[in-house]
Amino acid sequence: MSQAAGNPYAAELAAAKKAVTLAARLCQAVQKDILQSGVQSKADQSPVTVADYGSQILVSLVLKMEAPASSSFSMVAEEDSEELRKEGAEEILENITELVNETIVDDGTYSIYFSKEGILSAIDDGKSEGGPSGRHWVLDPIDGTKGFLRGDQYAIALALLDEGKVVLGVLACPNLSLGSIGNLNGGSSGDQVGALFSATIGCGAEVESLQGSPAQKISVCSIDNPVEASFFESYEGAHSLRDLTGSIAEKLGVQAPPVRIDSQAKYGALARGDGAIYLRFPHKGYREKIWDHAAGSIVVTEAGGLVTDASGNDLDFSKGRFLDLDTGIIATNKQLMPSLLKAVQDAIKEQNQAASPL
């Protein structure tokens, strides 16, 4: 049964899927140019910056055109227009404007042409602070910037908050195969590439091709023996305490090496059973942003999984732009969660004891 049947957020879901699909087209065009030109940094003039802004503008446009207007439009997103309004930013603003307009024309759905001022205004649609009341869209226009630059995994991640709760999430993963991932950077041999994950509260989770295909219901794996489990973590070592995640895996009895991929594509892969566990333990002092987890977490929970902080608390997306949580984020199926939580807490305790002076 499709999520549209009996889904109170069916119209919002359709708009969200359309929004991230259009944004993905823009991102794919830019990534192709990056790989051909050899760009490898997120400098202010770099193509990835253009793609970040362009993706956000297109998502905002489609949502405002397609999603039911319950009240004033509100979106919590990563980018604002401050840098683009500064002296010296004219060239990058010109590039963004040109790319967005080209994408809209190529798509053919909307007869809209953005001026530069219209571009700046559309970017600032994402300046909402979110919070516990009302409806707020939550967007990461390119999650996994370094993966995007390398030609690896990235995601356009969009969720809807309703009264502080995530009720809908979509993940466009242009480089993720539709088949189960088979190596350590999320690639797969021979499978069609470009996955679109979606979930609505109470209606389950699905995956379909970004190019358009019937949606298929997905569910997390049913593994209950940690020895048979594999775990996902960030590709970038700077994003993760690998000594800690390695200790957790060892205490749990996991024998497979970690599968390291960028972005919330990890949540999508976990939700369809490609692996059993996701561990995210950033370095001390890092504050998690809600757009880094809102869409991915509901895809996993609607696929039958659990997503919590290191103490087993549900993630609270109602506190504004940041998550207020304990230490890290873990996700797995219901069978493995009790033993995973114990391994996490034992490993953290051991690490803290080793770090404290005698």
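Positions of Cβ are set from backbone N, Cα and C atoms, glycine also.
Here is what Swiss-Prot says about this protein:
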{"type": "ACT_SITE", "residues": "Asp52", "note": "active site, proton acceptor"}
{"type": "ACT_SITE", "residues": "Thr145", "note": "active site, proton acceptor"}
{"type": "BINDING", "residues": "Glu78", "note": "Mg(2+) 3 binding site"}
{"type": "BINDING", "residues": "Glu78, Asp140, Ile142", "note": "Mg(2+) 1 binding site"}
{"type": "BINDING", "residues": "Asp140, Asp143, Asp292", "note": "Mg(2+) 2 binding site"}
{"type": "BINDING", "residues": "Thr145, His239, Ser263, Lys266, Arg280, Asp292", "note": "adenosine 3',5'-bisphosphate binding site"}
{"type": "BINDING", "residues": "His239, Ser263, Lys266, Arg280, Asp292", "note": "AMP binding site"}
Residue from Asp52, His239, Ser263, Arg280 whose C-alpha is spatially nearest that of Asp143 (Mg(2+) 2 binding site), among the recorded positions:
Ser263
Tell me, if you would, which residue among Asp52, Glu78, Asp140, Asp143 (recorded positions) has the fewest other CB atoms within 10 Å in the structure shown?
Glu78
Between Asp292 (Mg(2+) 2 binding site) and Lys266 (adenosine 3',5'-bisphosphate binding site): CA-CA distance (Å):
11
Per residue, counting other C-beta atoms within 10 angstroms of the C-beta, which of the binding-site residues His239, Lys266, Arg280 reaches the highest number?
Lys266
Tell me which of the recorded positions Thr145, Ser263 sits in the most Cβ-dense spot, judged by other Cβ atoms within 10 Å.
Ser263
Nearest-integer angstrom distance between the alpha carbons (Cα) of Ile142 (Mg(2+) 1 binding site) and Ser263 (adenosine 3',5'-bisphosphate binding site):
9
Most Cβ neighbours inside 10 Å, all chains, among the binding-site residues Ile142, Asp292:
Ile142
The residue listed as 'Mg(2+) 3 binding site' and His239 (adenosine 3',5'-bisphosphate binding site), distance between Cα atoms, whole Å:
18
